[in-house]
Amino acid sequence: MEPMLEVRDLNAFYGKSHVLRGVNMEIMPGEVIALLGRNGVGRSTTAKAIMGEVAPRGSIKFKGQEIAGLESYRIAHLGLGYVPENRDIFPTMTVRQNLVLGIKDMKTPGRWSIEQMLEMFPNLKARADNPAGVLSGGEKQMLTMCRTLMGDPDLIIIDEPTEGLAPKIVHQVGDTIAEIAKAGVAILLVEQKLSIALRIAARVYVMGHGEMVWSGTPDEFREREDVRREWLEV
Amino acid sequence: MSDMATENFANLAPSNAQKFRMRVLPFVLFAAVAVLIPLFGPSRSAYSLLNAIGINIVFALSYNMLLGRAGLLSFGHAVYFGLGGYAALHAMGMIENADGGFWGSVPVFAMPLVGFAGGALAGAVIGWPSCRRAGTAFAMISLGVAELIAAMGFMFGSIFGGEEGISGDRMNGPEVFGLSLGPIGEVYWFIAFWTVLAALLIFAFTRTPLGRMSEATRDNPQRVEFVGYDPTRVRYLVFIAAGGFAGLAGGMSAVNYEIFTPEALSLLPSGFVLIMTYVGGARYFAGPVLGAIVLTYMQSNLSDFTEAWLLYLGLLFITIVMYAPNGLAGIVAGLWNGTRATGMAYLKTWAARVVAIAIAMVGVIVLVEVAVRKSNGYGEVFEPFGLHLTPGSPLTWALVIVPLIVGLGLLRHLARDEQEAGA
Amino acid sequence: METVVFSLLNGVIYGLLLFMLSSGLTLIFSMMGVLNFAHASFYMLGAYFAYTISSVSGFWLALIFAPILVGLVGAATERWGLRKVHANGHVAELLFTFGLAYLIDEVVKIIWGRNSVDYRVPELLDFPLFTLYGTQYPAYRIFILFVAVAMLVALWLLLKRTRAGLIIQAALTHPEMVGHLGHNVPRIFMTVFGVGCALAGLAGVIGGNYLVTDPAMAISIGPIVFVVVVVGGLGSLEGAFIASLLLGLLQTFAVSIDASFADIFGWLGLGETTEVGRITIASLAPMLPFLMLVLILMVRPRGLMGDRDI
Amino acid sequence: DTVKIGFIDPLSGPFGPTGDAGLKQFNFAADQINENGGMAGNTVEILPFDNKVNPKESLVQLQKAIDQGARFIVQGNGSSVASAIIDAVNKHNTRNPGDEVLFLNYAAVDPAFTNDRCSFWHFRFDSDADMKMEALTDWVTKNEDIKKVYLIGQDYSFGKAVAAAAERMLAEKAPDVEIVGNELHPLGKVKDFTPYIQKIISSDADAVITGNWGQDMVLLIKAAISSGSDVPYLTYYGGSLGAAVAMGEQAVGSVYQVSEVNTNLPTTDAQNALIDAYEAKYPNNNYYFHRIHMLMDMMDMAAEKSGSTDPKDIAMALEGMVVDGPYGTVTMRADNHQILQPLFVSVFSDNVQRDVENTSLGWASTDADRIEAEDTKTETTCKMERP
Amino acid sequence: MTAPALKLTDLHKSFGPAKIIQGVNLEIEKGERHAIIGPNGAGKSTLFNLISGQFWPTSGSVELNGQDISRMKPHEVNRRGLSRSFQVSNVFTNMTVRENVRCGVLYSMGHGYSFWRNVGNLREVQEKTSAILEHVGLIDKANLPAALLPYADQRTLEIAITIAGGAGVILLDEPTAGMSHSETDRAVALIEKATEGKTLIIVEHDMGVVFGLADRISVLVYGEIIATGRPEEIRGDPRVREAYLGDENLEGVA
Ligand SMILES: Nc1ncnc2c1ncn2[C@@H]1O[C@H](COP(=O)(O)OP(=O)(O)OP(=O)(O)O)[C@@H](O)[C@H]1O
Ligand SMILES: Nc1ncnc2c1ncn2[C@@H]1O[C@H](COP(=O)(O)OP(=O)(O)OP(=O)(O)O)[C@@H](O)[C@H]1O
Ligand SMILES: CC(C)C[C@H](N)C(=O)O
Ligand SMILES: [Mg+2]
Ligand SMILES: [Mg+2]
C-alpha cells in the first residue's frame, strides 16, 4: 500500500540554526503514529515543516503529491489537518463560529457536521454559543480538534495536546484522540507523555538531534529500555 | 546548535581595546572631522548645508532616543524641536532688548541650553499624559498632540507669532570663544560645538541605568514592572530627555536661521525626522547621524538637481523599510561583518547588487525626470549627457524599460542565488 | 435657527464624507491591524482618477471605475509591498504606508501637476435642490448622503453577516491557524486591503469635486481620518459612523458659532483685550478633532464603540 | 554678465497657481528686457525658489538665492513671508557690507512695510492694503443701499490689516454702515467655505469685503455661488487664477476687484500688443500682474540711469522715480519706497472685450471707477535710514 | 509573633460577569515553600497576578509582611520585596544574559532611574550580577543574547531575573512547564538552592515537583481553595483526587 504521508530527507532551519537534519518517516492511511523525543529535538518543527509554517527542504509527499513549499492553505485543502502546540482557538468567537471556520468550503460538506460534532462532545455542546476564550484548557483542546475535523482531513497532526493540562483532563484528551482515530483518520501525535502515546499509537518514531533515531511498535518500544534511556531521558 | 551559538558568543565580553574602538574612537573622529572641515575653506552654501546637517544630527539623535531606544514611535517630535526653538528665540529677544541685567550677560552661544530647557519642559508637560501608553496608542497621541500644538501655534500670536513666526537676531549679547556669530563661518563653530557635545551626551545617556532600562522597557514592559521599575516613569523620563535634546537642536536652529514659524511644530517636520532616523538605521547609534547627513544633503542639494527629489526620497524610504529595516547603518554594518566573515565573495555579490540597483535606477530616473518635465509644462527637455529625451521618443522608453528589466532581473537572480547558497 | 439647521445639514454631509473615508480605514485597521497612513492618499487617487475618467467619459463611469482602479492599486500595494513588510511587525507596516503616502503624493504631482485640477460636480446634479431661509441647497450634497448610507449598509452586511467576515477577523489574530484550516489568508488580506482602498477611492470620487482636488488633499484630511477611526473605536464600523458624524457636526457648528473666549469665560474676568479672550470658537474648529483624539486616548483608549484598546 | 533675480514664492500647494502666475509674468518681462538689449547691457535671469508661503522656508531659499549669486530678490505672495525677508535682507546687508541685496516686493501689501518697518532695502510696487481699502470703502459709501457689511479674511498680518483698515475707514466715512461680521479663517487650510457663507447669509449683509487670495479666494467664491449668496463681494484679488471659472455667469455684476489694472482698460497699442503676446504665450493665464512689468521696467530704468547693476545704486536710483505707464503716471515715493499708481475698481461682467480664463466673462470698469495715483497717497510714519 | 509573609483575605476577582477568584483566604509563613495546584483555568495565574499587582482585586486584600499591597502597582509591590516569574518565558530577548540579570539587580541596588552614571562603572552591580549568574549556572553563557538560549536555560534565566532583586517572597508560575524529566530535576534543585531562606510560592502541574518541593499545598478549584495541607494530606484528599488528580496515579513522564 502507498503511504499517505512520506517524508524524505527533510531539513529545516531557524535563521542559521539547522534544526531538522534529514528526517524520514511515513504514515499509512488510517494509522496512528506517535512522535517522541526530548525537548527541542525538533518534533514541533517537523510538524511545522510539513504544514508549511517553516520553510522545508527535502521531499514531503502527501497522497503521492509533493507538498513541500506549498502554501499552508493548499496543504490543508489536500486533506492535512493540524492542531498546533498553542491551540490557537479564536477566543472572541463562539464555539460554533470556531467550528464554522473549520469548514474549508461551504459547498462540499465533509464527513462531519457541526451538529454531529457537538453530539460527540457534550462539553462543547453546552458551551456552543459562548466565546471560545472562556473554555477551560481541556475544552479548548477538544474544540481545536473538532475544528480541524470540520475540514474533513485524512491525516491530522496533533502537537502536544496534553501540555500544561491537569492530570485529570489529560486522560479525557487521550480518549478524544482515540475516538477520532476510530473514525479512520490517520493521526500523527507529537507527545511527551508515554502512557498516552503508547496507548493509542500503532507505531512510534523517536527523534533525536533533528533526525529519526528509532521506530517500531509500542510493544517493541517497551522492550527497548536502551532507546528510552538514550533518547528520551537525559 | 545551541553549543555552537555559545561558542560564537563566549568571547563576546568586549575587551578594553574593543570598548575604545567602539565607544571612544568614533567620537574622536567625529570631532576631528568637525574641526578639520573649515580648513578646506567651504563656500557659504557648504556652510549652510553643514549647519543644517549639524542641527538635524542632534534632532535625529534625540528622536532615536524614543524610536530606537525606547521603542516609542512618535509623530510629533518636531513639537519639542519647535518649542525649544521658540524658547531660544524669545531668549534672544530678551538679550537684544536687555541693557545689562541678567539677560544682558547671557551669550547667544548658550541658546541651545535654553532650547533644551524649553524642549524638556514641553516634554514634561506633554509626556505626562502620553507616556502612559506605548505602541500605537502612543503614536496616535503624539500625532494628535502635534496637530493640536501646531494649531495653537497659529492662535497665540504673542508666543508663536502667527503666520509670520518670530524672528530674532543672533548678534547681540556677550561673545563666547570670540565668535560674533555674524558670518556663517562663525555660526559653523557654534553648530559644531553643540553637535559634538549633544551627540556625546546622548550616547552617554544610553549607558546609564535609565538608558538601559529604556531599552528593557521597549523589549518587555511587563517584565520591567516586575524588577521594580515603572515603565510609565521610564518612558516619561526618556521622553523628557528626548524632548530636551530636540529642543537643543531647536535652539541651534533658532540661532542659525533666526526665525521660527508654527509650521516647525507640525506633522511635516515630525515626519521628516522619522524618515531621517529610520533611513539611517534606528538600531544603531550612528544610524540617525548617517540619516541626517544623507537626507539633509538630499533636501538641500538634490532638490536643486531635480524637482522630484521627494519622490526619490519616498522611494528610498520604502526600499529601506522593505529590504533593509536596519537602515543605511545596517547596510554598512552588514557589509563590514559579511566581508569579515566570508571575505571577497560577499563583497562581490554585494557589488553585483549595487550595480543591479544602479542599472534599475537609470530606468527610474529617466522615467521620473522626463515625466516631471512634461508635467511642468514649461517645455523643458531632460538632457543628460547630451541626450535629448522627450516623452515621445522611443529612445526615452528604451532607456526606461531596458534598465528596469535588466536591473530588476539581475536583482532577482542574485536573490535566488543567495537563497540557494545560504542557509 | 437657520444657523442650526444649516450647520446640521452641512455637518452631516461633511461627517458622511469622513465616514466614507474612514470606513475603508476601519476595515483595514480592524482586519489587518495595519494603520494605513496612505489611506488618504488613496482617497486622493480616487479623486484624480475620477477627474481623468470624467473628463473623457463623464462622471457616472468615473463613479464606478475610479474606485475599482484605486482598489486594484491598493491590492497591488498589498501584494508586492505590504506583504513583504508584514513579517517585521506593525510598526514596519505603518512606516511602509507612511512612505507610500509620500510616494503617492509625489506621483500625483507629476501626473496631474502641483495645483488643483478642475474636477467638477456632474451637471446632472449641479442644481440647487431647495432653498431654505434664502440659501440654496445643492443637490449634490444629498447625493453624497445617499451614497454614504448605501455604503454603510453594504459594509455592515459584509462584516456581520458573512463567513468571509469571520475568516478575516480570525485571520487578524491567528493568520497561520486560519491558513491551516484551508483558507487562503494572503488573498483575503489582499482583498481586504483592496476593498478598503476602493472605499477611500469612492470617497475621493465624491469628495474631490465637493471639496478641492489638489495634491494637498491627502495630507490635509489624513490625520482627521485617523481621529475618526480611533475615536470611533478600533474595528467598529458603528463607532466610525458615529465619530464621523460627531466630528462633522462639531467642526461645522464650531465655525458657525460667533463667540470668543471672552464672551464665554467673561465671568472669569477674561477680557476681549487679552489674547486668550480674543480666541473665537470658530478659530478652534481645526483643532477640535485632535483635542478629541487626545482626550479619548487618555480617557477611553478603546474609543466610543471599540472592543479593544488600540 | 547676468543680473540674477531670485524669485521666492509658492510654486506648489494651495497658493501654487498664484506664485506660478507671478513667475510667468516675471519670465516674460525678463525676456522682453533681454530682447531689448538687457539691463544696462546685462542679461536678466529669474531664479525661481519655492517657499510654500512659509517664512522660515523662504529664508532658507533666500540664503540659497544669495549663494547662487542673486542680488535682487522679488517676492509678493504673503506679507508674512515679506516680513521675514525684509528682516533677513536688513541683517544680511549689515553683516555683509559690499555684498548687499535688494528686496523688490510686488504684492505683499501689509502697510507696515512702508511705515514703521520701512527699510532702505525694500521697495513696494503694489498699492498697500490701506490704499486699496480707501477705494473699496469709497465704493461702499457711494452705494446708499449698503447698510451692513461683512468682513472675511485670512488669519495673518495682511488679512488683519485689511480688516482693521475696513473698520477704521467705514467708521470714518460711513458711520451708519454697520459691520455685521468680522471673520478671520486659517490661511490656505479651509476646503469648504459653506459654513462661513452660511454665516454671511444669516447676517443679512448687504456687501462682503475680503482680502482673500489664491485658493482661499476661489473656494470662498465657489461656496458663495453654490449657496446663492448674491450680494456684492468687494475683493482685493477676485482676479486670482481660477476664481473666474468658479464664479461663472452667476457672479456677473456682483463681484468687484480693486487693482492697478484690468485688461479692458483703454490703453496704448503697445500695451495691448504686450497683453496679446503674453496671453498667446501662456494660453492658460491672463495678463494680471501689471505691476510686475512696472517693477522690471523701473529696475531697468534705474540700471540705465545709474549705469550700474549694484543693488545700492539701483535703490538710490529708484527713489523718487517717476514713470509714464500705460495706465497713467507711476511714482516711487522716496520717503517710504511705496509706489503710487492709479487704481481701478472693476466689476465682473459678461460684456467685455478681453475675457479671463476662457469664460467669455471678464473685468470691466468705467472712468468713474478710476482713482488717480496722487489720490491714493497716504500718510507715512516711515523714518527712512539710508546707508 | 511576626506577620505572615503573605496573607490573602477573602480575595475576589471578576472580569466582567466572570467571577474568577471567589474568596481566597491563605496565609503563608516566612520561609515556607507553598505550592498551588488546580485544574486549568482555576485561576492560579490570576491569583499570582493579583498578588503581584498586575491586576487589582475586586474585593479582599493582599498583605505582604503585614502591609496591604492590594492596591499597588507591580513595581511598587516588587520594591517591597515580592518578585514573580511567568508561565511563559518573559525575558529581555534582545539583551544578553548578563544584561537581563543586571536589569533585575539595578533597582534593588539603588540605581533606579539615574541618568548620571555609567552602568559599566557600577562595581557592586557588576559583582552582584556575576554572583547570581554563577549561582544559577549561567555564567558561561553570560554574553549570549537571551533569545539564543535553549529553552531550559531560558526558564533558568527567568528564575535568575526573579531572584536577582533579592526579594524575600518569590512567586514562580509553572517554572518547569515544557521541561523534560531530567531538566525538571535540575530546575527543582536550582529552585531549592535559589530560594534558600526565602518564602516560595509555586504553581505547577507536575506532581513530582509539587510533592518534592512543597512544605504545604493549596488546591485551587474554580477560584476557591478547596484544601490546604501538607503533601500527604493533599494526596489522600478525595476531593482533590476528584477535582484535579483524576483516577490515574501520578503520570509517567517521558
Ligand atoms: N521560532 C524559532 N526561532 C529559533 N529557534 C527556534 C524557534 N522555534 C524553535 N526553535 C529551536 O529549534 C529547536 C527545535 O524546536 P522544536 O519546537 O521543534 O522542539 P520540540 O522537539 O517540539 O520540543 P518541545 O518539547 O520544546 O516542544 C529548539 O532548539 C528550539 O529552541
Ligand atoms: N483578563 C482576563 N479577562 C477575562 N478572563 C480572564 C482574564 N484572565 C484570565 N481569565 C480567565 O480566568 C480563568 C483563570 O485563568 P488563569 O490563567 O488564572 O488559569 P490557571 O489556573 O493559571 O490555568 P493554567 O493552569 O491553564 O495556567 C480562565 O478561565 C481565563 O479564561
Ligand atoms: C499675493 C498677495 C495676494 C499677497 C497679499 N496681498 C499679502 O500681502 O499677503
Ligand atoms: Mg514542541
Ligand atoms: Mg496559569
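Backbone N, Cα and C atoms are what each Cβ position is placed from, and that goes for glycine too.
Automated prediction, rather than curation, is the source of TrEMBL annotations.
Among the features that TrEMBL reports, transmembrane segment is placed at B:20-40 (among others).
The annotation transmembrane segment is assigned in TrEMBL to B:46-66 (among others).
TrEMBL lists B:78-95 (among others) with the feature transmembrane segment.
Per TrEMBL, transmembrane segment is recorded for B:101-126 (among others).
Long-range neighbours of the transmembrane segment (B:138-161) within the same chain, counting only residues 6 or more positions beyond its ends whose Cβ lies under 8 Å from a Cβ of the stretch, are 72-79, 82-83, 86, 90, 126, 129-131, 167, 260-263, 265-267, 270. The annotation transmembrane segment is assigned in TrEMBL to B:138-161 (among others).
Look at TrEMBL and you will find B:187-205 (among others) tagged as transmembrane segment.
Here TrEMBL flags B:236-255 (among others) as transmembrane segment.
Residues annotated as transmembrane segment in TrEMBL: B:275-297 (among others).
Among the features that TrEMBL reports, transmembrane segment is placed at B:309-338 (among others).
Positions annotated as transmembrane segment by TrEMBL: B:350-372 (among others).
Sequence-distant contacts of the transmembrane segment (B:393-415), counting only residues of its own chain at least 6 positions beyond either end whose CB sits under 8 Å from a CB of the stretch, comprise 349, 352-353, 355-364, 366-367, 370, 387. Taken from TrEMBL, the feature transmembrane segment applies to B:393-415 (among others).
When Cβ-Cβ distances under 8 Å to the transmembrane segment (B:20-40) are tallied for each of B:46-66, B:78-95, B:187-205, B:275-297, B:350-372, the top count falls to B:187-205. Note on the transmembrane segment (B:101-126): residues 79-81, 83-88, 91-92, 94-95, 145, 149, 170-177, 179, 181, 190, 194, 198, 239-252, 254-255 of its chain, located 6 or more positions outside it, place their CB under 8 angstroms from a CB of the stretch.
Counting C-beta pairs under 8 angstroms (sequence separation of 6 or more), the transmembrane segment (B:275-297) reaches the transmembrane segment (B:46-66) with 3 or more such pairs. When Cβ-Cβ distances below 8 Å are used as the criterion, the transmembrane segment (B:350-372) is approached by residues 306-308, 311-312, 315, 335, 338-339, 382, 384, 389-391, 396, 399-404, 406-408, 410-411, 414 of the same chain, each at least six residues removed from its ends.
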